[in-house]
Amino acid sequence: MTLQQEIIQALGAKPHINPEEEIRRSVDFLKAYLKTYPFLKSLVLGISGGQDSTLAGKLSQMAIAELREETGDNALQFIAVRLPYGVQADEQDCQDAIAFIQPDRVLTVNIKGAVLASEQALREAGIELSDFVRGNEKARERMKAQYSIAGMTHGVVVGTDHAAEAITGFFTKYGDGGTDINPLHRLNKRQGKQLLAALGCPEHLYKKVPTADLEDDRPSLPDEAALGVTYDNIDDYLEGKTLDSAIAKTIEGWYVKTEHKRRLPITVFDDFWKR
């Protein structure tokens, strides 16, 4: 088995999908989990206004609405969480995503004060954060807020990770990578677009340039610029296509280098890192 085949198998990626079937699969998956643990009453998700959180949010709201109708349990709710750092540059996109999703409840937690307080506490301890590490602080603060909300609403935190992010480890460890349930796992980036199109999402929300937008020195830095490859490259790789060797090497390099992000904390029984 080639490394490409190994990666595709590990991430559950498929070269072709039926969008309607995958929508149903994700919604039923979320419903089944909640039905298995009836003490859970909410799905909690941070909404940024980008493709991934818009899709995960819509699927979550669909799952909650269907389950509420089926069970008569009106305590069930989907909570969309706005998590700006100060003023969000693409505020209108976030509002448009909320309008599309129609969540049961919308909360806004501005993380800037908490991040600055953490940065100051570290500074007083003699640790001066780089802009990159401050970006990771933002991602982790967002997840901290979501887990606090989930803890107070008997909920689980929904993730937005998908195959095209997982393969490169393009997420913050214990930040946006630290979630309870990931309904998009297995899908590549273009397949996510197909699901949103089938759901009637406004095109500008899934055709916009993807960005984590975590760094102050490089605001709205495109994911593709940070990775050195395009999402089309990554999607082609995940679909089993043959790529230019340099591009394939870059993608595989990211996969190997970030394997620790896709694992639980390393123990003496683990040997994946020795490859």
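Heads up, the Cβ atoms here are built off N, Cα and C, so glycines get one too.
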Per Swiss-Prot, member of LYS31, LYS144, LYS189 binding ATP alongside GLY46, ILE47, SER48, GLY49, GLY50, GLN51, ASP52, SER53, THR160, THR211: LYS189
Among ARG140, LYS173, HIS260, LYS261, the most crowded of the binding-site residues [Cβ within 10 Å]: ARG140
GLU165 (Mg(2+) binding site) and ARG140 (deamido-NAD(+) binding site), Cα-Cα, nearest whole angstrom: 17
Spatial neighbours of GLY50 (ATP binding site) that are distant in sequence (at least 6 apart) but have CB under 8 A: ASP93, ALA97, LEU205, LYS208, PRO210, THR211
Residue, out of the binding-site residues ASP52, GLU165, whose Cβ gathers the largest set of other Cβ atoms within 10 Å: GLU165
